[in-house]
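Read the structure below first, then the notes.
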Amino acid sequence: MSLLHQARFFITVNHLRDLPATAVPEVAFAGRSNAGKSTAINILCNQKRLAFSSRTPGRTQHINYFSVAPVKAPDPLAFLVDLPGYGYAEVSGSAKYHWQGLLSDYVQTRQQLAGLILMMDARRPFTDLDCQMVEWFLPTGRPIHVLLTKADKLTNSENAKALRETRKMLQGYAEQLETPVPMTAQLFSSLKRRGIEEAQAVIAGWLNLPEARKAEREPAAANSVPPAVPPASDPAA
């Protein structure tokens, strides 16, 4: 079982000064208000109401932290960070300004941030605001993994095209950097439970969770060559 299943609500933050003063790694989830971010977090953590999604898109304008640790552990091993959804037109100007500042400052300056899970609707990936989020985060030199959500809404050929074009866009961004940074993408569907294990593996690896370390050891053990068995001695010799 993934340790992500043990995630628990930790704190809500509305200003950078209130971010937890911890040294453990964090993985942030970002995306448009209607990209299915909260639903995906719940599915990845095998919980129904860990991350709440407002009935009115754009209402969530703060940062929610979820701790990841075994049930009886005294301290978190890591955090999942649910960032405010962006791009909803009915948010007031002052709220939108605060919201955008909180998002950009967090993703650009948070030293504990190990990677960004960027959620995009598979039917319309890389909107202008999605590109803005990538451009904010790119200079940090940390990895980005795109979840193309709502893949169940598309045909197989449409999904293949969306994934191919998304990877091409990410490659273009990666080529802007002097030092290569992992920028990956996958299809994801909360409804069809598609892509869950793949996404969990990425997150666990970034957070250095025990399950990721175990997965690294298992292929090495499977591919190791057993020691040669010496030939039996001939009793008649």
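Using the three backbone atoms N, Cα and C, a Cβ is placed for every residue, glycine included.
What Swiss-Prot lists as domain 'EngB-type G' is 23-209, and the listing cites sequence analysis. The GTP binding site feature in Swiss-Prot is assigned to 31-38, 58-62, 82-85, 149-152, 187-190. Annotation comment: Swiss-Prot describes Ser38, Thr60 as Mg(2+) binding site. Residues annotated as region 'Disordered' in Swiss-Prot: 214-237. Taken from Swiss-Prot, the feature compositional bias 'Pro residues' covers 227-237.
Comparing the binding-site residues Gly31, Ser38, Asp152 on other C-beta atoms within 10 angstroms of each C-beta gives the minimum for Asp152. Same-chain residues at least 6 positions away in sequence with a Cβ under 8 Å from that of His62 (GTP binding site) are, in sequence order, Thr12, Val13, Asn14, Pro84, Leu102. Around Ala35 (GTP binding site), a 10 Å sphere centred on its CB holds 28 further CB atoms from the protein chains shown. DSSP assigns Gly31 (GTP binding site) to a strand in the three-state reduction. DSSP assigns His62 (GTP binding site) to coil, not to a helix or a strand.
Cβ environment of Ser190 (GTP binding site): Gly36, Thr39, Ala40, Asn42, Ile43, Thr149 lie under 8 Å away, each six or more residues apart in the same chain. According to DSSP, Ser38 (Mg(2+) binding site) is assigned to a helical segment. Just so you know, the Cβ of Gly85 (GTP binding site) picks up 27 other Cβ atoms within 10 Å once every protein chain is counted.
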